[in-house]
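Presented below is the structure to which this report refers.
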């Protein structure tokens, strides 16, 4: 036991030697004592080491294997198994490449950026976000429709790097091993598959500008964003090891694929149209780089996105699963909100099917589920915090269709006693 020799009754910290009168707290262990100041110092040391580990990027020895990555993706994203496999392998190989490139004399490996093709609300953004969370790397998103090449009104392409830098708390080393997701990438395709002699500010010009940062360059980023000017100081960010994931719906690409594989349509009947629509998602699975060239992408841009993953349109069953099964499922989120009011929230099976059908009707995919639920739940979420003795709230199919109000079950007098 730690005591001062001259004052045997006075306990001291076993690490710094200060007495209990000199510190705020002295915590006892089986044979030692530690003061609050030493605890704080230990926490600072651990925090600094954690920051250093994060800056170095994912350790390949600790990097989850492709199967493990897919298992975590399964917890958050319903279906899309083939796309998950493609992403898991691509991301695993990307960070192994970074480790290999750090060693002198290794074979030079090209970066495997990813292109996700699939309808709105099929899970493209969520997949990219979840990957970054699994790997504990900075993540940033950008909308390709807002981008223009340098010198034109709009957002500079290099501002994407600034977003990643902000996500990394301006730690350049961490940012250089992050993931950037660029949505609506199909919107920057040029209007025809032949080169244009006029300036295409939001199409081919943006592709050319993105090409530089995607393939790897040292970008000069204004620390506060906005446009560059000569008197400004810049942060230098090397994009060589940043993984770029681009996504888009690619409406009309299925027609290009149909022409290539020789699928012909007959007449204009409703049955034929329905059949073609059903096949559209399946056709995207067979997309080739040549199809993307015809869609309006320049060869260099397609070449920098070698990994292609197609997502299919979600059906009613998948929508219902999305509502209740993932770790962050909407139903679980609303139930937690009501639980904080000491109220049990129950959704009938019919209500979940009704929500799924409404989302399919709106053609907004999984991202439309929340707005449907918010609309149906608004009144009851407004009323419940002010009510007393509410035990349970039941949401039925008719509540979703605004035909009736939720069922409220109150506690009996005996239960509350």
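Cβ coordinates come from backbone N, Cα and C, glycine included.
Here Swiss-Prot flags 1-54 as domain 'ClpX-type ZB', drawing on sequence analysis.
According to Swiss-Prot, the Zn(2+) binding site annotation covers 13, 16, 35, 38. Other Cβ atoms within 10 Å of the Cβ of residue 16 (Zn(2+) binding site) number 13 in total over all chains.
If you look up Swiss-Prot, you'll see 119, 120, 121, 122, 123, 124, 125, 126 marked as ATP binding site, on the strength of sequence analysis. Around the Cβ of residue 121 (ATP binding site), 24 further Cβ atoms fall within 10 Å across all displayed protein chains. A coil conformation is recorded for residue 121 (ATP binding site) in the three-state DSSP classification, outside any helix or strand.
Put simply, 38 is the one of the binding-site residues 13, 16, 35, 38 whose Cα lies nearest to the Cα of residue 122 (ATP binding site). Mean pLDDT for the domain 'ClpX-type ZB' (1-54) in this predicted model: 76.
Listed in chain order, the extra residues whose Cβ falls within 8 Å of the Cβ center of the ATP site residues 119, 120, 121, 122, 123, 124, 125, 126 are 118, 247, 311, 365, 366, 367. In the structure shown, the C-beta of 123 has more C-beta neighbours within 10 angstroms than that of any other entry among the binding-site residues 119, 123. Between the CA atoms of residue 121 (ATP binding site) and residue 13 (Zn(2+) binding site) there is a gap of 58 Å. Listed binding-site residues: 35, 38; maximum Cβ neighbour count within 10 Å falls on 35.
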